[in-house]
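Trainee: Here you go, one structure.
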Amino acid sequence: MDEDREKHVRAKGSDEVDWISKLPDCLLCEVLLNLPTKDVVKTSVLSRRWRNLWKHVPGLDLDNTDFQEFNTFLSFVDSFLDFNSESFLQKFILKYDCDDEYDPDIFLIGRWINTIVTRKVQHIDVLDDSYGSWEVQLPSSIYTCESLVSLKLCGLTLASPEFVSLPSLKVMDLIITKFADDMGLETLITKCPVLESLTIERSFCDEIEVLRVRSQSLLRFTHVADSDEGVVEDLVVSIDAPKLEYLRLSDHRVASFILNKPGKLVKADIDIVFNLSSVNKFNPDDLPKRTMIRNFLLGISTIKDMIIFSSTLEVIYDFSRCERLPLFRNLSVLCVEFYGYMWEMLPIFLESCPNLKTLVVKSASYQEKGENIILPGPRRFLSSLEYVKIERPLKGEAMEMKLVSYLLENSTILKKLTLCLDDSVKKEDSVILKELLAIPRLSTSSKVVVL
């Protein structure tokens, strides 16, 4: 009786059946597919049956830091792809640090991509951890991988796509990825007929002045870029995706965000300033800029759930002094991220959300600016707000107390306001706590919960 047959009845020291040993090889390989390759290889010491089983796992998930020598890493990938070369490959995940001394050899990646395309790979995830060298240009064969479902690339350069056939591609993440020409990205997006999720993280030097995202199937779009106030550019992002449900924008450099036929967005995460800054300030006389901001706000006005940053609120506040804001009638959940800006622009936006039920104030960093804390003029009641949570620990500063007062004194049906005190403030016999609890409340059923 061989060792596997001896082990299959019961686990050591237990009365439970060892079901793992009863599983067929094909199912074990599917289980191992979910582990990093370095851990999969370790199973080879379990028994004779497991000795070569890892070689049949239909996927590779490897980091060059798993190897002491970079050449060993390269040889391992070569050997793995050569073994059982006629079988299909479900995933190919590779992370490497492309140092200068390895440059000649790292171009093997192009050959590996050609190989896995012929093996009908479904998921490609390649990360150049040197982050921004763009040494490696992937071959054009990647554009004709008809089995490909997800493509995630970081720090690489893509060839200009002359022909694209990606009928199965649903997810594409391009992180600090460059194209051989400025039309390459637009062409690639347009030629993916079932693309549902697109994430683009841009570098300050990608040289794409106008990025057009045109997709009839896209449901989720994320656009992120590093911020550099010293860069004054007329960059444009134009989005034409009528089925879009989720939108995340985090880019202070782009001057114009254009939403064409936005459909009905459900959720958005917005941190943009339309390239406005302390140097390049909002100009009420710049009518094209005002029109663009107005159309953008109208485009996102259908959302139900939104995260918005104080930098964006400041632009909205400046815009509101020229024009009336559109109503966000569907918005029921709002999370506001404050970073170093006064909250005085918040009431203006809240009053444009007539059906808002939940407000979360996160990471607020309040600033004192004299006594002019509340916006001048009468404020409208918040007739729908039911729940408020202030996540930043309060210290009792005037700005904080004004925020709490505004919410309690203007919310007609507020049920609960949750906050917490800073560790430097003792809850017992706290003057701040007494002040908070003494604030008049418009809603008779509201509770203040101090965590």
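Each Cβ is built from the backbone N, Cα and C atoms, and glycine gets one as well.
The domain 'F-box' feature in Swiss-Prot is assigned to 17-70. According to Swiss-Prot, the feature domain 'FBD' maps to 370-421. Residues or ranges marked as repeat 'LRR 1' in Swiss-Prot: 128-155. Summarising the annotation, Swiss-Prot assigns repeat 'LRR 2' to 177-202. Positions annotated as repeat 'LRR 3' by Swiss-Prot: 224-251. Here Swiss-Prot flags 335-363 as repeat 'LRR 4'.
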Trainee: Could you tell me the mean pLDDT the prediction assigns to the domain 'F-box' (17-70)?
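Mentor: The average pLDDT of the model in the domain 'F-box' (17-70) works out to 85.
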Trainee: Counting only residues 6 or more past its boundaries, what in the same chain has a CB within less than 8 Å of a CB in the repeat 'LRR 1' (128-155)?
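Mentor: Sequence-remote neighbours of the repeat 'LRR 1' (128-155) are 88, 95-99, 103, 106-107, 109-110, 113-114, 117, 120-122, 161-178, 180, 188, 191, 203.
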Trainee: How many helix, strand and coil residues does the domain 'FBD' (370-421) contain under DSSP?
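Mentor: Taking each residue of the domain 'FBD' (370-421) in turn, the totals are 13 helix, 13 strand, 26 coil.
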